[in-house]
Amino acid sequence: MIPAVADPTTLDGGGARRPLLPETDPRGRAAAGAEQKRPPATPTVLTAVVSAVLLLVLVAVTVLASQHVDGQAGGVPAGEDAVVVEVAASRGVAEGVSEKSTAPLLGSGALQDFSWTNAMLAWQRTAFHFQPPKNWMNDPNGPLYHKGWYHLFYQWNPDSAVWGNITWGHAVSRDLLHWLHLPLAMVPDHPYDANGVWSGSATRLPDGRIVMLYTGSTAESSAQVQNLAEPADASDPLLREWVKSDANPVLVPPPGIGPTDFRDPTTACRTPAGNDTAWRVAIGSKDRDHAGLALVYRTEDFVRYDPAPALMHAVPGTGMWECVDFYPVAAGSGAAAGSGDGLETSAAPGPGVKHVLKASLDDDKHDYYAIGTYDPATDTWTPDSAEDDVGIGLRYDYGKYYASKTFYDPVLRRRVLWGWVGETDSERADILKGWASVQSIPRTVLLDTKTGSNLLQWPVVEVENLRMSGKSFDGVALDRGSVVPLDVGKATQLDIEAVFEVDASDAAGVTEADVTFNCSTSAGAAGRGLLGPFGLLVLADDDLSEQTAVYFYLLKGTDGSLQTFFCQDELRASKANDLVKRVYGSLVPVLDGENLSVRILVDHSIVESFAQGGRTCITSRVYPTRAIYDSARVFLFNNATHAHVKAKSVKIWQLNSAYIRPYPATTTSL
């Protein structure tokens, strides 16, 4: 049992005592995490009039967002330049989103009364994460490298900031950060994809061809079918034009599979053995008993397909598997390296090679993965641990992260992971700001050879090229209940690397087991335990009325061993009440002799964190209203009741913007 203690206070640099976490910071009704469905949209004559007014507001907000100037002094008081507008009916389906969406289903009533200002809304747009110029975006699709350019396709609604009219947006980059927008790659213009050009994957063939398999939602029945497209000119480095096959659809739902439970084909792989030269493609599904499935098809020409004799894998009770991904991993360096150690998708199974099977679970909107062994003779996959099988074990990310997709980068010989980071604000706020969703920072993926049981994810090494001025804070003592401000200047675009050490005698002196702790059901950073929480507060204002806490929490297990949780607390991230605010996190493996380490990327309304070299990752969408522009701060804190903590090393860099923009027609360089 953890003893009750008084509220923590500390002395800051000026000698004034301040509360670590103020009691007067209501979360709003969304903070409990309940996701409420919207009533069906009902267009009216009034809606048409309101839509016209809304359009004028959106133009103003979009102009402000596009300028993205982060140099204003001080925060913006709530209510100044407030945007007050009725919300037009959603252009999405009745609930306002699709079954492919992970946006919070907030109600249209009392939760939508926050007075957002234009300055607040403009500040939320990210500076170095990928976003389209405007409107709704979801899954990353078909990433690849071609003739000097990285390509990213993505699910996009060109007409609105809500889901609908899904097309394929397209952008290119030399470095995975500085993106140039190209014209649409594919639009819903055939009966087999009239209701949406949904997710898919690219495969590069030995002869240089690039084939793109994608899911289409059909015009008459909204059935999910698989379609083939190829570049009109594969010699074009920008792959600006795509041609859909006359053979489409090339795959339809098989017997026993529901017509809307058959989607998101993987990158094809091939491991030739004897006369078997067929490519394998996996597709996500579920059966009538709600087991999640990965179906496998074999093809020589990507037009004609034969089903494999057995399922690649199935896990009872996990429901529909979306955006299945399947790829090999080799022994890495044991640390989160920026390049190398990746394997091409068709790498042959064998000693030292494992295969990752990942599924995005439609039931809970999280990305789960497992490590196992692939048998190309039977096209089946077996997890190394049944307890850590797909959908019941490890996740890529314990925060807001979904519909991910990897690709192999032949230049730096690495596997790169993309993930969709949806919004957790209201649809009304999305419409006001004119956009919804970002892509995560691309991450390298390696097998963690120190544990052998998990992946390591780390921001691609190119992120370090965005670093500008930096500061170091070494050997900072964090007494129990303390908060220490760090003077880093502008604190809205940051790369933070921190290493913490807990006094060994404090940890050894704890004798009581604490087996009930869980990040998501805890009180967040406000809760006090014997050995935690401690870490950093980012996007915080001076009086800590807004803050996003990234922290460790240590506890003793029943066997006397120390366990380490890594958590991210959004409960006080914003004063706005039209948000879903949660505490995310999970256990993170910490090996003997390792200090506690974390890397944090802060980019306006998104915070991505990587603990212990990327063993556990958490992504949050946060929407500060006070800790914005020059009012954003960074703090160290220790809210433990028993542990003395030292921040051995804290390095913080300001990051430049990526200046994502349309592709210039007169040049092919950045």
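Including glycine, each Cβ sits where the backbone N, Cα and C put it.
Owing to the predicted nature of the structure, the values given are computational and were not obtained by experimental measurement.
Pulled from Swiss-Prot:
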type	residues	note
TOPO_DOM	1-44	topological domain 'Cytoplasmic'
REGION	1-40	region 'Disordered'
TRANSMEM	45-65	transmembrane segment
TOPO_DOM	66-670	topological domain 'Lumenal'
BINDING	W136, M137, N138, D139, Q155, W163, W198, S199, R263, D264, E322, D362	substrate binding site
CARBOHYD	N165	N-linked glycosylation site
CARBOHYD	N275	N-linked glycosylation site
CARBOHYD	N518	N-linked glycosylation site
DISULFID	C519-C567	disulfide bond
CARBOHYD	N595	N-linked glycosylation site
CARBOHYD	N639	N-linked glycosylation site
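Rounded to a whole value, the Cα-Cα separation of W136 (substrate binding site) and N595 (N-linked glycosylation site) is 41 Å. Between the CA atoms of N165 (N-linked glycosylation site) and Q155 (substrate binding site) there is a gap of 10 Å. In this structure, N275 is the one among the recorded positions N138, Q155, N275, N518, N595 with the smallest number of other Cβ atoms inside 10 Å of its Cβ.
Across the annotated binding residues for substrate (W136, M137, N138, D139, Q155, W163, W198, S199, R263, D264, E322, D362), the two most widely spaced Cα atoms sit 20 Å apart. Averaged across the topological domain 'Lumenal' (66-670), pLDDT for the predicted model comes to 91. Between the C-alpha atoms of C519 (disulfide bond) and E322 (substrate binding site), the distance comes to 26 Å. The candidate set comprises the binding-site residues W136, W198. Of these, W136 has the most other Cβ atoms within 10 Å. The recorded positions examined here are N165, E322, N639; by Cβ neighbour count within 10 Å, the least packed of them is N165.
A distance of 36 Å separates the Cα atom of W198 (substrate binding site) from that of N518 (N-linked glycosylation site). Under the DSSP three-state reduction, N275 (N-linked glycosylation site) is assigned to coil, being neither helix nor strand. The two recorded residues, E322 (substrate binding site) and C567 (disulfide bond), show a Cα separation of 26 Å.
In the three-state DSSP classification, N138 (substrate binding site) falls within a strand.
E322 (substrate binding site) carries a strand DSSP state (E or B). Within 10 Å of the C-beta of C519 (disulfide bond) there are 22 other C-beta atoms, taking all protein chains into account.
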